[in-house]
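Colleague: Have a look at this one before I ask anything.
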């Protein structure tokens with residue numbers, strides 16, 4: 001029977017077994033979810049105690065926390081190195097064919113999830129379910145791995161490569177982000193639903209309102225000014241004598257903390273009666289002007305003063321990055337253009353800028369995100385006084401001083417909305433680059 | 001590109017062309033570094049250095065002087081002392097001195113640099129060299145996670161660490177009991193590792209993906225598994241990227257104020273926090289702060305200068321293509 005596949009032939013077998021594999025995996029997945037739901041709907045038991053295998057992450061942290069800080073460094077580095085080493089060893093050996101490696105994979109699939117959950121010390125009433133979930137997840141991984149199209153061992157090593165990062169991202173970024181979104185619709189205590197109340201607060205309360213306005217000012221001026229200055233500087237000193245020294249001078253502020261920068265600029269912005277010790281006011285006084293209290297000057301002047309500090313620290317970053325990109329532009333192109341009679345500006349505009357376009361995007365994105373998230377400068381220099389607050393600062397302020405998680409979460413979500421277009425643009429850019437390649 | 005220049009056979013003409021080329025090259029060189037540009041560059045460098053210089057001068061002036069006159073008066077009335085540095089190291093906030101918190105900063109920053117780099121390199125390798133279903137979508141998602149502001153994650157993460165996770169009255173994870181620990185940094189390490197993850201994976205992936213596939217194919221033919229390829233080929237070859245990210249992460253963690261303020265117990269606070277509270281309750285001890293600020297700047301500068309040869313090479317991979 002030409003053209004049809006007889007039942008029982010290897011081809012048919014594989015197709016059938018693929019479906020069987022899929023079904024089994026789906027059933028196991030549903031079972032895990034069901035177990036989880038079953039667990040959290042059990043009657044709460046207030047007397048439950050944490051159970052452990054005699055060792056736990058908590059024990060380790062408590063033990064290491066009692067040591068001298070300098071002793072802690074090598075210990076934690078070695079312990080962590082051992083864990084990573086074990087992962088790499090498993091990745092190397094487990095996928096090999098052979099009976100021994102089959103058993104190695106099988107044991108690893110059950111033991112690793114079990115231990116991983118048990119070091120977290122689940123409570124008594126949850127432990128049974130958690131162990132069941134862990135073992136089921138291990139079995140699922142083993143089965144998926146065993147039946148994988150790319151051969152057994154493939155899914156296993158993939159899981160090992162990605163598991164640490166996945167756990168960190170799920171626990172540290174995705175879970176908190178989701179719970180913040182939920183909290184932004186709840187009131188101060190986190191119990192009453194208030195709808196969009198917190199968002200209304202953000203745009204009507206003076207603190208919330210000014211933080212949004214100021215953040216927008218930051219996001220517009222900080223990246224543009226520091227990139228223009230950094231790029232100009234990088235071009236000016238390109239192939240000049242003493243380039244290295246000139247670079248280091250402007251780069252130095254990058255290594256200085258915002259706290260340090262805040263202290264440094266106190267000696268610029270300081271204002272007092274009588275003799276000035278702030279450089280800016282001293283200069284003004286020298287020319288016969290009236291000293292100004294820069295950090296209290298409204299509107300916008302104090303925000304601009306803070307912006308200057310930020311630009312001071314970011315220009316060096318932009319400069320180093322863009323300078324390297326400029327050097328990657330083939331010198332022949334510039335030379336050819338100059339032989340064709342293009343002047344310096346035309347060469348810059350038509351050859352250098354297109355040549356470093358993607359670096360420009362990277363720097364622009366990085367600095368804009370940093371400026372949207374700026375907290376330290378405001379906290380150290382003004383503490384948000386005189387309408388100089390920004391969203392990221394106000395968020396922490398609402399949380400720490402007023403214990404108002406609803407307001408804080410709404411501010412966080414607003415910040416999230418501000419960052420979104422940037423990321424979308426970058427992702428598009430990334431996609432385009434992939435297509436070109 | 002097709003080159004269709006006439007072959008130059010005449011020696012004289014060759015020399016003439018060479019001379020001409022040299023002249024043109026010199027011209028280009030000269031025009032690229034014009035006088036105006038040099039002056040502008042020097043002005044920028046000067047303006048950028050003045051604030052730090054002022055701090056440096058202040059840190060060596062007696063406290064009584066720097067609270068009454070500007071640091072520039074030092075040129076008229078020179079008066080130097082080293083006392084500020086000694087005093088700064090031994091004074092501090094409520095719980096610990098600047099010297100103690102310097103050690104804390106080291107204990108926070110070194111593990112908080114190494115841990116995320118190791119984890120991110122593993123993940124970046126998988127994204128670059130192991131094909132799997134939905135790979136590019138997941139990678140884009142990880143990149144897009146930079147969207148989550150740190151501040152958004154702070155409170156939920158803090159309550160996860162201290163109170164654990166309880167769903168509907170069923171306790172799943174009890175949290176850490178680190179309240180009584182002397183110098184606990186565990187939560188700070190984890191928090192920094194988490195927040196570094198998206199950018200680290202993104203940057204390292206860009207570099208690792210550019211490693212020639214022939215190398216990896218050859219190793220595979222020789223019987224190396226992913227473990228060996230990762231350890232013997234990828235790790236050594238991507239050292240520039242790893243080192244340059246390490247510089248950034250270290251400087252970032254060292255200079256961080258927010259994460260440490262939220263997660264570190266009061267005996268584990270880093271330098272930035274102590275420095276901030278060093279000014280005295282009336283802001284009258286600036287001279288101590290200026291000395292302290294210099295102490296805090298030294299370490300990132302050392303790190304930067306010792307690793308800078310890797311710096312730009314590593315960060316630019318995947319970004320230099322127009």
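Backbone N, Cα and C define each Cβ position, glycine as well.
Those TrEMBL annotations? Automatic predictions, nothing curated.
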Colleague: Under TrEMBL, which of the candidate ranges A:216-236, A:279-299 is annotated transmembrane segment?
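Modeller: The listed stretch tagged transmembrane segment in TrEMBL is A:216-236.
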Colleague: Residues sitting near the transmembrane segment (A:405-427): Cβ under 8 Å, six or more positions beyond its termini, same chain?
Modeller: 177, 180-181, 183-188, 190, 194, 197-199, 201-202, 208, 211-212, 215-216, 219, 361, 365, 368-369, 372-373, 391-392, 394-396, 398-399
Colleague: Pairs of Cβ atoms less than 8 Å apart decide it: which stretch in A:20-40, A:60-90, A:102-120, A:248-269, A:356-375 has the most with the transmembrane segment (A:158-178)?
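Modeller: So the stretch in question is A:60-90.
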Colleague: Restricting to the same chain and to residues at least six past its boundaries, which positions have a Cβ under 8 Å from a Cβ of the transmembrane segment (A:102-120)?
Modeller: 52-53, 55-57, 90, 93-95, 130-131, 133-135, 137-139, 141-142, 145, 152-153, 156
Colleague: Counting only residues 6 or more past its boundaries, what in the same chain has a CB within less than 8 Å of a CB in the transmembrane segment (A:60-90)?
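Modeller: Contacts with the transmembrane segment (A:60-90): 104, 108, 157, 160, 164.
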Colleague: Would you kindly check A:126-146, A:216-236, A:248-269, A:356-375 and say which stretch has the most C-beta pairs under 8 angstroms to the transmembrane segment (A:300-322)?
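Modeller: If we count Cβ pairs closer than 8 Å to the transmembrane segment (A:300-322), A:216-236 scores highest.
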Colleague: Rank A:20-40, A:126-146, A:248-269, A:356-375 by Cβ pairs under 8 Å to the transmembrane segment (A:216-236) and hand me the top one.
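Modeller: Result: A:356-375.
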Colleague: Take the transmembrane segment (A:126-146) and find every residue of the same chain, 6 or more past its ends, with a Cβ under 8 Å from one of its Cβ atoms.
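Modeller: The answer is 21, 24-25, 28-29, 31-32, 35-36, 38-39, 48, 51, 105-106, 109-114, 116-118, 152-156, 159.
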Colleague: Within the same chain, where does the transmembrane segment (A:356-375) have neighbours whose Cβ lies under 8 angstroms from its own Cβ atoms, ignoring anything closer than 6 residues to its ends? I mean 6 or more beyond.
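Modeller: Contacts with the transmembrane segment (A:356-375): 215, 218-219, 222-223, 226-227, 230-231, 258, 310, 314, 317-318, 321-322, 324-326, 328-329, 390-393, 396, 415, 418-419, 422, 425-426, 429, 433.
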